[in-house]
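Below is one structure; the comments refer to it alone.
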Amino acid sequence: MSNLSHSYPEADLLTLHEEQIYLGEWMQSSRLLFYSVICISLFTLPILLLSLCYISFKPTHNVHFLPYLYSILIANFVLLATLFTSVITKNTDMVYDTIPGFLVCKLTAFLVNSSSCFIHWSWVAMFAERCFHIYSPLRYRINSTFRTKAVIVGILIFSMCIQLWIPIFITEKRLSGQLDNIYCGEDTSYSSQTQLILSFECTASFFLPLILTIFADISIFTWKSSWGSISFNLVPREELRGKTSEHMKIVSLNSVRNSKKRRSNAIRRCLISATITLFLNLPNYSLQLIDEFFNLRESSSIDVRRVFLRIDAFVYILYLMQFPITPIHIFTLSRARTRRASR
């Protein structure tokens, strides 16, 4: 009996010691993510503003995807500014004294998820419209500006509507009953509904655009020749003598070859930009979806929670890398178009 009476306190002390170690790692991870968001935000937010100014005032010539570049830059700015404001408010007691924590969580999650969904679908829409313009230029050139703006507004409305579940299911949560360690998560009273809704939301806002982008990558490199396009008949100069037609245009063979090469390179650049952005989001979305079904963050095993904590910190930093990379993609796309126009 004496041995049994001593074993319980030792087990309790061991569990308490492991919980303290986990809490310390959680605080270190939170501090790492805090400084990561702060540094990336302070570095990237001014660059996003400069990128907006650059594409606004630089000389352009028939850049049909310019509204998409505007929209993607603005959405990235809203998303990163929301993350920056969120980490500041979580470390400022005065804000939580003024605004309830659950309202901050709901607003932050809604803006972040809506902006992310808008960015993903904007890349897909920009690529699709670019393909239409390249492979069928005469058909899609008319009223292209109005159509592009209508598509962007439609994506914005869709992105906001698909996130309407957040004000209901997202709330403020505290780690292991701690008063200071706060994070945002799903309300446990709606756990069964949340899994189904989150699965649909992740599929519609991220995985479906990812699949479409991968499909586009494969198609552009394998089925490019079979895509529908306007056919051109090359006629020798001798046959043109004495003939006039409104549908005839004199071009050189080198011009046709260079045009096809520029089309392929332009689509490759657009696809590479969209693919990199989506794949930087893939680990974070996948981990959050897995956590929703297996509850790794609040697992009874401390080892599982510690592994999840480290992986979560890594994929989130990877997720943050998309923000400084996006202006580079935008500059590359717009710069390439400016060089061709100047020629």
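Cβ coordinates come from backbone N, Cα and C, glycine included.
Here TrEMBL flags 32-55, 67-88, 108-129, 150-170, 196-216, 266-287, 307-333 as transmembrane segment. Summarising the annotation, TrEMBL assigns domain 'G-protein coupled receptors family 1 profile' to 47-330.
Ranked by number of Cβ pairs under 8 Å to the transmembrane segment (196-216), the listed stretches 67-88, 150-170, 307-333 are led by 150-170. Proximity of distant same-chain residues to the transmembrane segment (150-170), defined by a Cβ-Cβ separation under 8 Å and at least 6 residues beyond the stretch ends, is recorded for 67-68, 71, 105-106, 109-110, 113-115, 117-118, 121-122, 125, 129, 184-187, 190, 193-194, 197, 201, 204-205.
When Cβ-Cβ distances below 8 Å are used as the criterion, the transmembrane segment (32-55) is approached by residues 66, 69-70, 73-74, 76-77, 80-81, 83-84, 87, 91, 313, 316-317, 320-321, 323-324, 326-327, 330-331, 334 of the same chain, each at least six residues removed from its ends.
Counting same-chain residues at least six beyond the ends of the transmembrane segment (307-333), those with a Cβ under 8 angstroms from any Cβ of the stretch are 22, 25-26, 29, 32-33, 36-37, 40-41, 43-44, 47-48, 50-51, 54-55, 65, 69, 72-73, 76, 79-80, 269-270, 273, 276-277, 280-281, 283-284, 287, 291, 296-297, 299.
Mean pLDDT, taken over the domain 'G-protein coupled receptors family 1 profile' (47-330), works out to 79 on the 0 to 100 scale.
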